[in-house]
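*Asks:* Okay, handing you the structure first.
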Amino acid sequence: MADPTRPEPPDGGWGWMVVLAGFLQSALVFGVIRSFGVFFMEFVGYFGELAGRVSWVTSIGIAVLQLGGPVSSALSTQYGARPVVMAGGVLSGLGMLLASFATSLTHLYLSIGLLSGLGWALVFTPSVASVARYFAKRRTFATGLAVSGAGLASFAFSPLFQLLVDTYAWRGALLVVASISFNLVAAGALLRPLEPEGNKASPSLACHRPFLLFAAAFVLVDAGYYVPYVHLVPHARELGFDEYRAAFLLSSAAVADLCGRVAGGWLADRFAVRLVHSLTLWTVLTGLSMVLLPLGQSYPLLMGLCICYGFCAGALVPLQFSSMAEIVGTGCIMEGIGLMQMMESAGSLVGAPLSGKEPGSLSYHAPPLPIPSSQGATMDYPLESLLGHRHPVQSCAGWTSPPTSSKPFLHEFINLAS
């Protein structure tokens, strides 16, 4: 049986409902992950464990989210994005529900890290890929809107979670978080398929050099990307700020992240600059802002650095996924995002646990200087190299993106910055 023919992306219509679904899903996945630092101190105190061991809860969840990318893309290709995302919503809420009954740190590893992480994996890849398939001319802006939910939710969830912990203790707070997470099921129902599902050939991205260079660059990026969201609240508490002022730092970074995601997507569609050029620049700025974060010893300075980091870290997200469509072709974006997420899990898994000052310390400090600096260096060669070696893979339904050429112009700047 021949593969069904894909229609042209409508660049609107029901696509905006798909963007809304992506917005809700990024809010209920990454908004929860980023705000989980509020529970960090509660887990340390209740279980009497070292901070490094407690940080594995979120690290395992993020790693499972990314390792499960190929699984979610394969299931979405076979059965469609809608049922896969709805199933992921059930698992993510169930993991939080079971975590409220945890009596040891291992239970949190299994419930939040493994079960909720698997649910997040089933939600994330199909959501982002669905937005990319509905848009062509405004793809980067639409993607920026879809992923901006994480910033808005982080702004709201950080003080909300702190209030829930103060009111109901951490177990009751996790029950409320579980009820919030179950709303992913309703969000997944909005993902109407654009084309007939089934009988799609699986492209071989594992041998596609530009894709491998691109994905490898983000392994080191992810080693540092989530570190501030895990350790920022404990770091602020150790500096003497109360829990609400510490939580507000995350909220401020979240607002900046929201603005960065929308602005990054809008600027990329507005100006005729290759996406990989813009992506490299924002990644270097993110790494530099991360290096400066530990220098914030006063509350206003720390707040300003958090805002800088949030904006830069947010701006690179829509560019990452839109660049994927440019590199592998729109028809392969589901598989591309899934495989890239799996590769990124190596960096996400070890970043937060290795970022403490010393064993048992609650303080945050930036990952060792080579990690943020290598973000720029690592992005430099792979991304600039693929500009001249871009050969999109034949997509599942025959779609490819026409190659474009551009002269690299950031070599000197990035080499200097990194």
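Backbone N, Cα and C atoms are what each Cβ position is placed from, and that goes for glycine too.
Copying in the features that TrEMBL gives for the protein in this structure:
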DOMAIN    15-418  domain 'Major facilitator superfamily (MFS) profile'
TRANSMEM  12-33  transmembrane segment
TRANSMEM  53-72  transmembrane segment
TRANSMEM  84-102  transmembrane segment
TRANSMEM  108-129  transmembrane segment
TRANSMEM  141-162  transmembrane segment
TRANSMEM  168-191  transmembrane segment
TRANSMEM  211-227  transmembrane segment
TRANSMEM  247-268  transmembrane segment
TRANSMEM  275-295  transmembrane segment
TRANSMEM  301-319  transmembrane segment
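Let's see these features in context: how buried, what's close, how far.
*Replies:* Residues 29, 33, 36, 40, 43-44, 47, 84, 88, 105, 108-109, 112-114, 116-118, 120-126, 222, 226, 230-231, 335, 337-345, 348-353, 356 of the same chain lie 6+ residues outside the transmembrane segment (53-72) yet bring a C-beta within less than 8 angstroms of a C-beta in it.
Listed as Cβ neighbours of the transmembrane segment (301-319) (distance under 8 Å, sequence separation of 6 or more from its ends, same chain) are residues 140-141, 143-144, 147-148, 151, 225, 228, 232, 236, 239, 249-250, 252-261, 263-265, 268, 275, 278-279, 282-283, 285-286, 289-290, 292-293, 295.
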*Asks:* Report, as numbers and ranges, every residue of the chain located at least six residues beyond the transmembrane segment (168-191) whose Cβ falls under 8 Å of a Cβ in that stretch; write 'none' if there are none.
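*Replies:* Residues 17-18, 20-21, 24-25, 28-29, 32, 39, 42-43, 46, 80-86, 88-90, 92-97, 99-101, 116, 119, 123, 126-127, 130, 161 contact the transmembrane segment (168-191) from elsewhere in the chain.
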*Asks:* Would you kindly check 84-102, 108-129, 141-162, 247-268 and say which stretch has the most C-beta pairs under 8 angstroms to the transmembrane segment (12-33)?
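*Replies:* Going through each listed stretch, the top one turns out to be 141-162.
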